[in-house]
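The structure appears below as structure tokens.
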């Protein structure tokens, strides 16, 4: 059972200055995979072991999970994985903007907390400003991977991503949901869901060459749609 925290509470609204890649990794020049909402870090730790030529950063808003996961990261001695505590919508934008060109090569948002009610829209992890910060940091062809076991959670993420115009799905991927996970290590939640023979909804995007849209226009368009995914999927 996952424990929710309210990202809008005053404590989680305090911005944090996150360490630079040079402070986090032994080889900061390596490509970075950023996993937003990494929980206990099973996926990001496993990927770091399998891919020593990449750096792997997990961020998580639940501090006890971060403490345990980052301890494991440091104890691994690999020098290519860390887990940090932060509210992604408050502290990640400046970190992303400061990255060297094409350093960030993959972003994943996997099984975020299910704030699916419309009145909880602002509590969702993938907000317009964060999506645009991700899009600005990714060069064309780099990846954004989304997955959830709750349709009402992933549909708004897909809708927002589609509305931005900054990302394109591979033509070979099944619609509306990708059949498999492109990452070789499942998260804790994914493994639990699959063991229960429950569905997982996945979408892989690649950054295209389109310019960033106006942030306020994107936010307004996203908020005015009661069921944005329904509108967007008709065009896929």
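Every residue gets a Cβ built from N, Cα and C, even glycine.
Feature annotation from Swiss-Prot assigns active site to 113; the stated evidence is similarity to another entry.
Feature annotation from Swiss-Prot assigns S-adenosyl-L-methionine binding site to 35, 60, 87, 113. Around the Cβ of residue 60 (S-adenosyl-L-methionine binding site), 25 further Cβ atoms fall within 10 Å across all displayed protein chains.
The C-beta environment of residue 149 (substrate binding site), restricted to residues of the same chain at least 6 apart in sequence and closer than 8 Å, consists of 111, 189, 190, 193, 198, 199, 200, 201. The substrate binding site annotation in Swiss-Prot covers 117, 149, and the record cites sequence analysis as its basis.
Its own atom aside, the Cβ of residue 35 (S-adenosyl-L-methionine binding site) has 25 Cβ atoms within 10 angstroms in the protein chains shown.
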